[in-house]
Amino acid sequence: MNHHDTPPDTILIVEDEPKIARLVADYLEGNGFATRHLDHGDAVLPWLEHAREDNAAPDLVLLDLMLPGTDGLTLCREIRQRWPRLPVIMLTARVEEVDRLLGLELGADDYICKPFSPREVVARVKAVLRRSRAALAPATTTGSDLVLDDDGWRALADGQDLGLTAVEFQLLRVMMHAPGRIFSRDQLMDHMYRDHRIVSERTVDSHIKKLRKKIGEVWPEREIIRSVYGVGYKYQPEE
Ligand code: CA
């Protein structure tokens, strides 16, 4: 929302197709967002560095996969590493591409397939911003000796960094907020991605599996993420 006392959220659009960039920018601006546009992959990281220094960092990046210069995959990884709290929505040309992207665990917050309606883009942008802000609200979440550091997207078990990916961190975070509550795979997917059609339940299972493995490396005796047969998963710190 664009009130005069709060600056509008700024969306960086990285897209080499001028028509698409213009269309998306128009819709976002019509919905109260400010936009910036880059059309070359090589320009993105230096631009973000400068924006950060000038205190003009964007609130979200819409990132095309196929770009001249540095490609979207590389950029997404770099952004995740250097600015872990900056949400990224990837724009891809094909639905089939999304499964592969998810497998690569780039840490993008959402994926939108071309061709898309600009209205869909606005809805996704709003949803991702809402979600990432909700996820960052409290500074730390504690479950006995497991601590989530929201600023650094880290989970510490007995002070030891579990080295979680963004998706694993989110999954753990969602479950830790309601200990003992059983989450279906569907509900967990809701917290991960907006578009159910493109994420299979197996994707959730494989992220959970990796999450449990990482916790198990620190606490081999404890099983704090439990699977509930036929239903889903829950966080259960105590017996
Ligand atoms: Ca392109």
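A Cβ is built for glycine as well, from the same backbone N, Cα and C atoms used for every other residue.
The annotation domain 'Response regulatory' is assigned in TrEMBL to 10-129. For the domain 'Response regulatory' (10-129), the DSSP-based tally of helix, strand and coil residues reads 58 helix, 24 strand, 38 coil.
According to TrEMBL, the 4-aspartylphosphate annotation covers D64. Contacts of D64 (4-aspartylphosphate) defined by a Cβ separation under 8 A and a same-chain sequence distance of 6+ are given as V14, E15, D16, E17, G72, M90, L91, in order along the sequence.
The domain 'OmpR/PhoB-type' annotation in TrEMBL covers 137-237.
What TrEMBL records for 137-237 is DNA-binding region.
Under DSSP, residues within the domain 'OmpR/PhoB-type' (137-237) fall into helix, strand and coil as 40 helix, 25 strand, 36 coil.
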